[in-house]
Structures are given as C-alpha cells and as structure tokens.
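> Could you have a look at this structure, given as structure tokens, before my questions?
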C-alpha cells in the first residue's frame with residue numbers, strides 16, 4: 001500500500017496477511033481487497049483520521065460520499081464498502097475494535113439498465129440465416145430457442161437431450177436457485193431443433209448436450225456470445241446482439257402482445273414472483289395459451 005506508515009496501514013497489512021495465509025484467497029481477491037482498503041485509507045488520512053478506533057458510522061458514510069463524489073460507480077462502491085466491512089469485522093474478532101462502524105451502512109442502489117430490445121423486424125432479420133452449413137443450423141436453432149423460450153444463457157448451454165420433448169414442444173430448464181421450469185418452445189424452435197438434432201451426431205454422437213461445438217463438446221457460454229454477435233453483424237442488425245438482449249426481446253414482445261405481466265414473469269423464471277405464486281397459481285396450460293396466442297414465432301412450421 002502506497003500510503004505513509006500509520007496504524008491504519010499497519011492493521012490493514014495484517015489483515016491482508018490473514019487473507020493470504022489463513023484464508024488462502026486468490027491473488028486476484030487479495031489484490032482487490034488491497035486496492036479498496038488503500039483507497040479508504042487515503043480518504044481517511046485526508047480527513048484527519050489516523051487510527052481505526054477513530055472511525056465511526058459517520059466516518060464510514062463520509063467514505064461513501066467521497067468515493068461517490070470521486071466518480072466511483074455503485075457496483076464498485078459496494079465492493080469498497082464490502083472490503084471495509086470485512087476488514088472491520090476482522091478487527092472486531094481480533095479485539096482491536098468493540099464494534100464494526102460499517103455495519104448496517106448500505107451503498108446507494110445502482111439504477112437498473114435494461115438492454116434495449118430488438119423490434120420484431122430486427123429479430124426476423126437476425127434469424128434469416130443461410131442454413132447451408134451445419135453450424136449455421138446450430139446457431140439458428142440456438143437463436144430460435146433463446147428467443148422462443150426466453151432462456152438465460154446458462155440455461156441454453158446447459159440443455160441436455162433429456163430436457164426437451166419435441167412431440168409436446170416443451171423444454172425443462174434448471175434456473176437460478178436450482179428452480180426447474182417447464183416451458184413451451186414454440187413451433188419454430190421445435191422445427192429448428194428437429195433440423196439441428198439430425199445433424200448434431202456429426203460432431204458429438206456420445207454427448208448428452210443439445211448444443212455442441214465443432215470439437216464435439218458442450219458449447220461454452222463465451223462461444224455462444226461470440227457467435228450471436230457475429231451473426232448480428234452478418235445479418236446487418238444495427239444493435240449489438242447478445243443472449244440477454246434476445247431474452248429481453250422475448251419478454252418485451254410477449255408482454256406487448258399479451259399484456260399478461262404475471263405469465264411473462266413466470267416464463268422468465270423470476271424468483272421475485274415466489275410470494276405472489278402462493279396466492280395466484282399459474283398452471284402450465286395457462287402459460288402455454290398465453291405463449292401460443294402472443295409470441296410472434298409460436299405458429300408451428302414457420303421457418
């Protein structure tokens with residue numbers, strides 16, 4: 001730490017040794033703690049605080065205010081406060097402090113920046129892919145499934161053959177918090193899954209993954225992101241294409257057509273509906289009917 005020697009620095013260095021020797025945290029994590037604590041010490045030193053025992057809740061809030069004034073974004077500010085809180089907890093456990101002055105102090109919440117969704121014409125242009133190459137068929141199928149079912153990227157790459165039922169047009173996914181969802185795929189996605197699965201064994205006859213790379217292994221999330229972005233450029237779609245944008249477009253288009261916010265949230269697998277679902281049960285048939293009536297690519301056989 002590049003600040004003059006002081007009780008602030010000495011005890012912070014002792015904490016960093018604890019993280020390295022006792023906790024055996026990764027060098028990257030240690031470096032993050034060191035960077036954040038150095039920034040805090042610089043702020044405290046400038047305000048006349050030279051010992052951690054001088055720091056109170058008002059001083060912690062002053063660190064937050066100064067960091068915000070210096071242009072630190074909310075996510076980085078939360079990281080700084082978390083590092084300080086962990087350090088002060090350690091100081092309490094060592095008997096150096098009686099209480100943690102950062103306890104209960106929260107950072108200002110960051111505004112949520114949802115990605116811009118594509119309009120239906122942009123989606124159709126993106127999906128109008130030349131399917132002469134097997135990997136292009138795979139990519140078209142991934143795009144159709146992502147947009148057709150509103151999957152998260154991790155859910156898409158995690159699909160196994162046993163998770164899809166093409167006869168009923170359904171897919172089972174394991175979402176956040178290990179919560180399983182049963183979702184309608186839509187006729188267009190089913191059509192393209194049939195096409196891709198007929199070609200898939202060229203690359204991975206013995207793998208359970210639905211979507212595989214040219215090397216015969218389950219496709220990685222990074223590879224999917226790269227392929228989607230490349231197709232966006234090839235197809236002349238103005239907005240940068242990424243998996244979450246497709247999921248957001250799925251939700252926006254379905255909500256605009258149906259007006260059924262609760263069903264859309266259920267299809268997306270949002271955890272914050274758990275309490276509501278106790279009082280309002282949405283069975284699969286209702287979800288499927290909303291989907292079939294409203295989703296622009298739900299009609300079977302459309303390619």
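Here the Cβ of each residue, glycine as well, is placed from N, Cα and C on the backbone.
Note that the coordinates shown come from a computational prediction; the quantities given were computed from them, not determined experimentally.
Copied straight from TrEMBL:
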- 6-92: domain 'Core-binding (CB)' (DOMAIN)
- 113-292: domain 'Tyr recombinase' (DOMAIN)
- 152: active site (ACT_SITE)
- 176: active site (ACT_SITE)
- 244: active site (ACT_SITE)
- 247: active site (ACT_SITE)
- 270: active site (ACT_SITE)
- 279: active site, O-(3'-phospho-DNA)-tyrosine intermediate (ACT_SITE)
> With the cut-off set at 10 Å between Cβ atoms, which of these active-site residues ends up with the most neighbours? Options: 152, 176, 244, 247.
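Of the active-site residues 152, 176, 244, 247, the highest Cβ count within 10 Å belongs to 247.
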> Mean pLDDT for the domain 'Tyr recombinase' (113-292), rounded to an integer?
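Across the residues of the domain 'Tyr recombinase' (113-292) the model's pLDDT averages 82 on the 0 to 100 scale.
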> Between residue 152 (active site) and residue 244 (active site), what is the CA-CA distance rounded to a whole number of Å?
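On Cα coordinates alone, these residues lie 7 Å apart.
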> In the domain 'Core-binding (CB)' (6-92), how many residues does DSSP assign to helix, to strand and to coil?
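Residue counts for the domain 'Core-binding (CB)' (6-92) by secondary structure: 70 helix, 0 strand, 17 coil.
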